[in-house]
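A.B. asks: Sharing a structure with you now.
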Amino acid sequence: MFNVSNNVAPSRYQGPSSTSVTPNAFHDVPSLGQKVGAGSQKDVFHSRQDPRQCICLFRPGTTGSIPAEQYAQKELETTKQLKNLGFPVVDAHALVKHQGSVGVAKDFIHNALDSEDIVNNKKSLPDNLKFNKNVLEDCNAIIRRLKNLEVHIEDLQFLVDHNGHVLINDPRDVVRSSPDKSISKVNELRSHALNNLLDIDSD
């Protein structure tokens with residue numbers, strides 16, 4: 001049985017644990033492919049070494065007083081933990097470094113939609129029946145698992161792939177706690193798919 005941390009309350013989240021990270025834990029990436037995205041903390045590049053992966057590097061100064069190495073390690077550990085708990089994730093493979101920046105090598109999801117762009121109405125889900133059904137079904141499955149395991153996922157966000165499958169991306173932590181806040185985050189995305197399906201049915 002995979003253990004879920006229960007010693008950190010989500011409301012008191014202070015960032016990654018203080019566990020030290022050995023420098024040789026980070027694999028050197030000699031060169032980067034095309035930049036394919038950017039978030040609040042990381043820049044994302046296509047991997048030249050493995051076209052199935054992308055390299056996500058923390059920008060300097062984006063992790064506050066917490067070393068970026070610890071953030072990267074915690075993201076890798078949490079992603080693996082969620083995967084072992086049966087959640088769909090953008091899989092993380094290794095700790096990486098490039099020219100002084102550190103981060104994580106992850107699956108490259110082609111033509112992905114960011115859930116934050118969807119819920120903030122910056123982008124829309126496609127008006128496609130199967131696509132929206134997949135989003136709805138995946139959201140329902142994630143909600144069921146959150147309830148069954150009684151866990152909260154810190155900084156829960158998703159990528160939606162080109163088929164409408166929903167994948168947890170960039171998680172900060174998973175703790176034994178009320179799942180209500182996490183379920184609310186899932187429902188934000190779910191409501192967009194549901195509205196699309198209602199519109200399709202009315203046409």
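Glycine is treated like the rest: Cβ placed from N, Cα and C.
According to Swiss-Prot, the record shows the following:
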REGION    1-23  region 'Disordered'
BINDING   SER40, GLN41, LYS42, ASP107, ILE109, ASP114, GLN157  ATP binding site
ACT_SITE  ASP155  active site
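Quick one: how deep are these features, and who are their neighbours?
C.D. replies: Within the same chain, the residues at least 6 positions away from GLN157 (ATP binding site) whose Cβ sits under 8 Å from its Cβ are ASP114, SER115, GLU116, ILE168, ASN169, ASP170, LYS185, listed in sequence order.
The Cβ neighbour count for ASP155 (active site), using a 10 Å radius over every protein chain in view, is 14. DSSP assigns ASP155 (active site) to coil, not to a helix or a strand.
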A.B. asks: With every protein chain in view, how many other Cβ atoms are within 10 Å of the Cβ of ILE109 (ATP binding site)?
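C.D. replies: Other Cβ atoms within 10 Å of ILE109 (ATP binding site): 18.
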A.B. asks: By a simple count, how many Cβ atoms lie within 10 Å of the Cβ of SER40 (ATP binding site), its own Cβ left out?
C.D. replies: 8
A.B. asks: Could you tell me which of these binding-site residues, GLN41, LYS42, ASP114, has the greatest number of Cβ atoms within 10 Å of its own Cβ?
C.D. replies: LYS42
A.B. asks: Work out how many Å separate GLN41 (ATP binding site) and ASP155 (active site) at their Cα atoms, rounded off.
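C.D. replies: About 13 Å separate the Cα atoms of these two residues.
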